[in-house]
Every structure is written in C-alpha cells, then in structure tokens.
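Colleague: Checked Swiss-Prot, it gives:
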type	residues	note
DOMAIN	5-184	domain 'Guanylate kinase-like'
BINDING	GLY12, PRO13, SER14, GLY15, VAL16, GLY17, LYS18, GLY19	ATP binding site
Amino acid sequence: MAHQGLLLVLSGPSGVGKGTVKSAMVKQKAFSFEYSVSMTTRKPRPGEVNGKDYYFVSEDRFQEAIKGNELLEYNEYVGNHYGTPLAPVQKMLNEGKDVLLEIDVNGAKQVRKLMPDGVFIFLTPPDLHELKHRIVNRGTDSDKVIAMRMKQARKEILMMEDYDYAVVNDTVANAVDHIKSIVEAEHVRVPRVINDYRNMVKED
C-alpha cells in the first residue's frame, strides 16, 4: 500500500550536534531516509563536501532562489543564509520516500506552516555548559561568534514547545535510538495509515 512519505524535521540550537546525529542516522541501515541537502552562503568547514553536506552558493544565487520560490524555508544565521530546496523534498515525499531535514529553529517554523503533517524533533543539549563546550571544541568560531551562538541558543531552547518531541543529545547513540523509536511509532499512527486501509477495504 503506497502512501505519502514521512517528513522528519530535526532541529535545535547551534552546536547541539544536529549534523553529527543526522550523519549517524544516515549510516544506520535501520533508517531509510532520503536526506535533503540544504543551501547555504557560509564557507565550508574542514571536511564538508559541496552537494553532500550543503550546496555552498554565493549570496546572489541564494537571493535568486528566494525570488524564484525555490526554497521550502530559508533564514539568516550569524551573517550567513541557509535554505532548503523545495522541489526535491516534494518529489521524494510524493514517491513515498521518507525525508530528513536538518535545519535551524526558524526554518522549522516555516516548514511547520507549509507541511504541518511533518514530525518535528527538537534536539537539545544535556545543559548549556556542554553546549558551549561543543561549540568551542569545534574550533571554527571566534569568541564573539561563540557568545552570539550561546545567546541565541538560550532563546531557541524555549521554542521547544512548538515541537512534537524533545530528544536529549547526551550521546549520539542514545539520541539516534530515541529518534528511531519515534520514527517507528509515527509510521503506525492511525492518521497516517487509515487511508491505506480504507482503500484496501474498497478493493475487496
């Protein structure tokens, strides 16, 4: 019985480990998600690959995408733009494929308005001390940027109430296990499968 794919939105404050958790999810065979690659104007970090981690584009190209309604969501964060190309997401969901979006909290809010049936998970740190430790250890930000990220994180954590689930990223393995349980439960929720069974009954 074919049905619409599941849209999973993974969000949380900067430095919480969204990218690390996402990568671990993609590697696990238990997950069958298609990953939507975001577009950004920020410079690549060491090890990041264009077209795999992000589409790294110029500011002019990003503005062109906004004007052409090519983005599901977009936002500016610490001087850089981030956005999710719309067409690939729609195509994969219509084909019955599950799609994983890893985006910031403002982007998630935009997606919620356009695709309210998505599953929204807020990834949170064990505490703010650990969050700052992770940002500092990343070694890519100045003290000024780190302070900006921590100030923003305090605001973003309070936005958790707009999500369906909260997952603590104490360890990547634990976070992935919790998300796996959420995905399994969401796939068998009656609102998601009832039409399949209605059609099955009609066919008989």
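Backbone N, Cα and C define each Cβ position, glycine as well.
Could you give the neighbours, burial and distances for every feature on this list?
Modeller: Mean predicted confidence for the domain 'Guanylate kinase-like' (5-184): the pLDDT average there is 91.
The Cβ of LYS18 (ATP binding site) lies under 8 Å from the Cβ of LEU10, SER11, GLY12, GLU102, LEU123, each of these being in the same chain and 6 or more residues away along the sequence.
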Colleague: Excluding GLY12, PRO13, SER14, GLY15, VAL16, GLY17, LYS18, GLY19 themselves, which residues in that chain have a Cβ inside 8 Å of the centre of the Cβ atoms defining the ATP site?
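Modeller: Once GLY12, PRO13, SER14, GLY15, VAL16, GLY17, LYS18, GLY19 are set aside, the remaining close residues are LEU123, PRO125, LEU131, ARG134, ASN169.
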Colleague: Looking only at GLY12, PRO13, GLY15, GLY17, GLY19, the binding-site residues on record, which one has the least crowded Cβ, with the fewest other Cβ atoms within 10 Å?
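Modeller: Across GLY12, PRO13, GLY15, GLY17, GLY19, these binding-site residues, the one with fewest Cβ atoms within 10 Å is GLY19.
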Colleague: Which state, by DSSP, holds GLY12 (ATP binding site): helix, strand or coil?
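Modeller: GLY12 (ATP binding site) sits in coil per DSSP, no helix or strand.
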